[in-house]
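According to Swiss-Prot, the protein carries these features:
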BINDING   G162, K163, G164, Q165, R166, A167, K174, A175, G176, K177, T178, M179, R205  ATP binding site
DOMAIN    41-116  domain 'Rho RNA-BD'
Amino acid sequence: MPAHKLLEIAEQLNIHEGVARARKQDVIFALLKVLTRHGEGVFADGVLEILPDGFGFLRAAEASYLAGPDDTYISPSQIRRFNLRTGDHLSGRIRFPKDGERYFALSIVDTINGEPLEASKNKILFENLTPLFPRKRFRLERADGSTEDITGRILDLMAPQGKGQRALIVSPPKAGKTMLMQQVATAITTNHPEVHLIVLLIDERPEEVTEMQRTVRGEVISSTFDEPAARHVQVAEMVIERAKRLIEHKKDVVILLDSITRLARAYNNVVPSSGKVLTGGVDANALHRPKRFFGAARNVEEGGSLTIIATALIDTGSKMDEVIYEEFKGTGNCELHLNRRIAEKRVYPAIDINRSGTRREDLLIESDLLQKIWILRKLLHPMDEIAAIEFVLDKMKNTKSNDEFFGSMKR
């Protein structure tokens with residue numbers, strides 16, 4: 001809810017003290033205090049973050065899991081009783097803080113991850129689930145003939161995305177990676193509404209966060225460039241734990257991460273020094289946790305999948321960024337390369353077709369379509385990167401779907 005709406009509600013309830021020019025969370029806290037004092041049944045929900053001391057708090061996705069005075073306290077006894085873990089989504093009734101307490105506490109737990117309490121008792125832990133190659137494809141083609149749809153159509157042919165894909169978008173600065181991410185997010189939410197989409201923006205500009213929130217129908221979690229590295233790390237850990245809990249409930253989750261390079265830089269600043277420093281100033285232990293984040297993407301045999309599509313920065317002039325990219329290069333099962341030369345010519349999407357592709361694409365695409373794609377690749381291979389993408393874009397602009405595209409190629 002916008003801040004001005006909260007202030008209007010506060011005015012209706014005659015709350016004036018400490019509300020004007022206060023943070024959004026402080027206004028919510030003041031409203032909850034009045035409502036619970038009057039004996040109203042107040043319900044809260046949020047994503048659990050368990051702290052090292054054993055207790056936890058419900059964090060709000062709208063606030064990008066930032067700690068605030070309106071967070072709900074979860075006691076260690078509740079965590080043990082319901083076998084809760086970081087990332088569980090809880091909802092229930094809250095009570096007013098007792099003397100000496102600072103936070104509202106959850107008195108009655110109604111649901112865990114949207115299911116009754118009994119249903120979440122026998123869930124298999126994420127680490128014990130069996131990872132497989134992706135076998136179900138995301139259709140990114142919307143068949144509406146728009147210029148935005150062409151991005152999805154090219155990806156469907158040249159770098160198909162499956163449920164459980166671990167994809168890396170390799171991009172130099174100003175090559176259109178943010179626009180590409182927006183178009184992929186829109187295509188997934190349009191064609192696959194059952195998928196839980198999370199867009200994770202690390203070290204991004206605030207105006208890009210707002211634009212993403214307004215264009216994408218999904219969770220947008222962010223930590224902007226003016227936040228400390230510890231905050232970037234906390235946000236990333238919360239997002240991956242949330243995704244793991246959803247997969248334990250056999251859901252399909254997609255995380256769009258922009259960018260894994262900045263996340264690795266944040267871990268490099270936070271991790272205690274091991275004394276071993278790689279080229280570019282990267283600590284030897286710093287890349288273990290971002291690799292664990294990226295490595296969580298998998299198709300699960302027992303049901304559910306976690307897809308991570310992450311951007312990696314190259315040609316930034318920083319040796320550290322090159323080292324981070326080299327470390328992640330072989331870990332994904334799909335790579336999409338963006339080219340600065342194509343972007344400078346104002347040709348979008350600036351995809352280097354000959355360098356992009358998906359491993360084991362035969363598991364995602366039917367054999368007759370795969371043969372057509374291979375013939376197209378043979379045709380494009382002798383061309384340079386600009387000629388190849390211009391050829392494909394020219395043919396696609398005259399057709400509304402990929403089936404029609406291959407029909408025109410036959411002629």
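For all residues, glycine too, the Cβ spot is worked out from N, Cα and C.
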Residue among binding-site residues R166, R205 with least C-beta crowding, 10 angstrom cut-off: R205
Other CB atoms, at most 10 A from the CB of T178 (ATP binding site): 19
Span of G162, K163, G164, Q165, R166, A167, K174, A175, G176, K177, T178, M179, R205 around ATP - largest C-alpha separation, Å: 30
G164 (ATP binding site) in three-state DSSP notation: coil
Local Cβ density at G162 (ATP binding site) - other Cβ atoms counted within 10 Å: 23
Least Cβ-crowded entry, counting other Cβ within 10 Å, from the binding-site residues listed as G164, K174, G176: K174
Confidence summary (mean pLDDT) of the domain 'Rho RNA-BD' (41-116): 87
T178 (ATP binding site): secondary structure state under DSSP, collapsed to three categories: helix
Secondary structure composition of the domain 'Rho RNA-BD' (41-116) [DSSP: H/G/I, E/B, coil]: 9 helix, 33 strand, 34 coil
